[in-house]
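**Student:** Pasting in a structure now, in structure tokens, and then I'll have a few things to ask.
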Amino acid sequence: YAFYKSSLLQCCVLDGLIFTCYVFMWCCNINTLQQLIIYTWNMLCTIFSTFYLFLLFQVIKVYNEDNTSRAVEVPSDITARDICQLFVLKNHCIDDHSWTLFEHISHLGIERTIEDHESVMEVLSGWAIDTECRLYFRKNFAKYEFFRKPLAFFPDHMVSISSETNGAVDHSLLIQTFLNSSTCPEIHGHLHAKEQSRKSWKKFYFVLRRSGLYFSNKGTSKEPRHLQFIADFSDSDVYTVLSAKKLHGAPTDCGFCVKVPSARDLKLLCADDEQTRTCWITAMRLLKYGMELYQNFIQPHQKQKASPMRSISENSLVAMDFSGQKSRVIENPSEALSVAVEEGLSWRRKSCHRLSSHGSPSTSQSSVSSIALHLAQSWFHGKLSRDEAQRLITQQGLIDGVFLLRDSQSNPKTFVLSLCHMQRIKHFQILPVDDEGELFHSLDDGHTRFSDLIQLVEFYQLNRGVLPCKLKHHCARITL
């Protein structure tokens, strides 16, 4: 809108200048006319140079999770990845390739991941002038996780592949089939759909194919005469619906929608659980972008391979025992767990020794040191409520190992570990343990004790212990 308004204004200025030239050609002498021509030429150069710079650069505003914002001037051809790299450098963040730009449409209560290759200006051009839309910058650990673990994103009962044998889905070929332009796995299952111009929701059997999204008007029939067309993803985008139950009266909060940029109507859908919603949204992203998503995924890793730094995968790590004269690999899982517990106790004793050697005479000073240590960590979020913790982890990606630590609201002076596993968020109480006047932290009723929360986090990043999975990705907030 600003572009067209500016262009119209400049055209009016040009017309006025040309008209002035004609008037002076009739009314003035030659010298005055020459001066006018020079003046007009300078004005035209100024206008066109300003117009050219307007086309090359734009000022955009990007928001953070705490709603702080920052305006930056960027080239008009900038991509979402470029903007993420810009903020990573400006804020001195660790670039773990999870930083993401989101499109947030407030009045509709929806948002989506802007893919790394997308032009940001094209996204902004689709916003209406009378709506409140924002760009958000935050982490999304699940953005490309389906390339690493397709089984977690595509349950067998929701996927059909024409080449599968005995009804079993070959997950090693599943992603390749999505990326192949001539084929596509069929995603099917029940979803709740909101009927247009009505407040009610109705359950239908949906089918996602290369040609688009359909629902069956006769049970689970996939016959062409029973399938009703819903959307084609060549010109549509899939969004996550925020607070679906509150805003739209959906059966669950696992809502999503299909939106055509030129249309105001949303095709609102709702899944029964998070895994089902994730499957549909991921399949629609793959269907729309295909190989472009894969290129976005491998590009950062190709840069890493060019560096001499060795890459160590989690599967290449093994439990080792260094207590004897020679080190050995621990094969027995029970023995590995007992060694991990002993290692935790060893860390505690070393920490106590370090504190005493630095002249810490009392338990109170030791506990104060512990508090000061974890407050500075990006994984600690202070007085964050349970609901806010769940919202933050959900925003940053429901994959195994995403976690944060916070103060407990129900039990003062204790802490809570919030951890995602199997796309569900679990909360574990970190209890204080008093051992002969010394205060420690424990997740397992005192069997493994730590003098501060940093040691606890570092231990469970290496050892699962009593947790369902290791701590892998911590939720972080930054100020833009």
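Cβ atoms here come from the backbone N, Cα and C positions, even for glycine.
Quantities reported herein were computed from a predicted structural model and do not represent experimental measurements.
TrEMBL lists 56-142 with the feature domain 'Ras-associating'. According to TrEMBL, the domain 'PH' annotation covers 184-289. Summarising the annotation, TrEMBL assigns domain 'SH2' to 379-475. Taken from TrEMBL, the feature transmembrane segment applies to 6-27, 39-60.
Thinking about packing and proximity, how do these listed features fit into the structure?
**Tutor:** When averaged over the domain 'Ras-associating' (56-142), pLDDT in the model lands at 91.
For the domain 'SH2' (379-475), the DSSP-based tally of helix, strand and coil residues reads 20 helix, 34 strand, 43 coil.
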**Student:** What does the DSSP secondary structure composition of the domain 'Ras-associating' (56-142) look like, as residue counts for helix, strand and coil?
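**Tutor:** Once the DSSP states are binned, the domain 'Ras-associating' (56-142) shows 21 helix, 35 strand, 31 coil.
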**Student:** What is the number of residues in the domain 'PH' (184-289) that are helix, strand and coil, as DSSP sees it?
**Tutor:** 24 helix, 43 strand, 39 coil
